[in-house]
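As recorded in TrEMBL:
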- 485-518: repeat 'TPR' (REPEAT)
- 520-536: compositional bias 'Basic and acidic residues' (COMPBIAS)
- 520-560: region 'Disordered' (REGION)
- 538-560: compositional bias 'Acidic residues' (COMPBIAS)
Amino acid sequence: MDVPKEQITALLDNALFNSAQLLGSFLVSSSTVNAETSPHLKAENLVLLGDALFREREYRRAIHTYKQALQYYKIIPKQNSTSSRSALSASNRSSSPNSFNICAINENEVKFKIASCHFALSENKVALVEMEGIPSKARNLQMSLLMAKLYRNTKHTRGAVTCYRECLRQCPYVIEAIIALAELGASAKDIISLFPQTPNRGGRAQLDHGDSSRWLQRYVEAQCCIASNDYKGGLELLAELLQRFPNNTHILLEMAKVEAIIGKNDEAIMNFEKVRSVDPYVVTCMDEYAMLLKMKSDYSKLNKLVHDLLSIDPTRPEVFVALSVLWERKDERGALSYAEKSIKIDERHIPGYLMKGNLLLALKRPESAVMAFRGAQELRADLRSYQGLVHSYLAFSKVKEALYAAREAMKAMPQSAKALKLVGDVHASNSGGREKAKKFYESALRLEPGYLGAALALAELHVIEGRNGDAVSLLERYLKDWADDSLHVKLAQVFAATNMLQDSLSHYQSALRINPQNEAAKKGLERLEKQMKGVDPDAPEEEENEVDDADAEQEEAELL
């Protein structure tokens, strides 16, 4: 043979994929290999070239090459194919696309590689058809995991659960299968029962049920708590795991994500920053960190974060969500295009849907925002998607739908003060429901006394009903324990409404000392200064009117 197969195998083993691909082109075009008399050699050579293309991420070419290999495989005489298969089983090789030491091909292995290419191209349905052509008894761990992902992506929940369960039966340490099963509603007891209990001669990984593996059971319990919206229980279990595995970036990120969901923003920021100090090149979940920095108006850190992410890997969906967060202040439509790009890269990226929903809401497109928040909820319902749905429905007066979504949140999270506040928000949207709203806000504050969102909402309700004194006393009581800029802004607004302008000025200034980027405080202060000068803050500015008139005249002249 002109080109020894061992040479291309050596190149693949040494990760020299471009050279392997170039050499592979010589291998498959060699005139010494006759496709009619030696179809098995032709098939083997094509699989090697396909493997090189796969590793070069030339997935379309790899699919085409693998399919050619299968065509030659089908014309191999029966005795040859039987001996090829026995040779393969004797060599006991993995069927991963990363495994290239091939001397004879296996049809199931090649189908798996074709499916892996389609999966990399987000062609889930086509990939699933390929995988379903592999008999269930012939599937190994990698095949079962790919099947599970494909079933989940195509919304075949039952098939996904079956395949994820099979993964854990083969190996209890497939962490992504544990997370997926928890999200799909499996209990901790059910997941742990799948772990191999007795020594296995087949070489399967098994769980040592002593102290050394108790952490894995705790991890399962933590993920099941989070998936069932028991955020407090999940955080406690993750904190316990963190003591055993200090500076574990995965656990820190899981904690930060939960803290962000439940509004513990300072704690979440601290954990995200700890992750970046341990490993500055982590991209996972950094878009969630970007959202928190935006909420804190910390634009210098946000700018640096986005710059760092772009230099690490500009193709990840997290990077586009972070770009969307950064651009929101300058150009909401541009920010929306970044959020949509993140979803295009990964249709299962929840922060992309949340960001898209919030931007659509800001752009006064609440019907479209509902679709975005529903997209997030279908992937994994959490407090933020419920909040987005409620506010979107209220924005176009769908009170019945808003109330249904808020009650869904309350059922899913019965111990959540934020879910109670959501129901209160719906009732507060119409004058007939304000008494009910007050009860829900008060219940939320009894459940979580430090929940400023409920305190601010209750204060707003007092103001609407003319109880300005109650609003002031409530907010001042909270100011004793929480030096928060939003409390100062609300107090400033109440004092401005009651013509106590000097007190209002003092609180706007306090808010800006705490957070110089607080937009509500800036705008409020601007209005207040006009009021103090005796100017109507709502009157249109003369200069702007003159410019508008001039523009209009110019347009009329052009039309004439």
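Just so it is clear, glycine is given a Cβ too, placed from its N, Cα and C backbone atoms.
Across the compositional bias 'Basic and acidic residues' (520-536), DSSP assigns 13 helix, 0 strand, 4 coil. In terms of DSSP secondary structure, the repeat 'TPR' (485-518) contains 27 helix, 0 strand, 7 coil.
Computed over the repeat 'TPR' (485-518), the whole-number mean pLDDT of the model equals 87.
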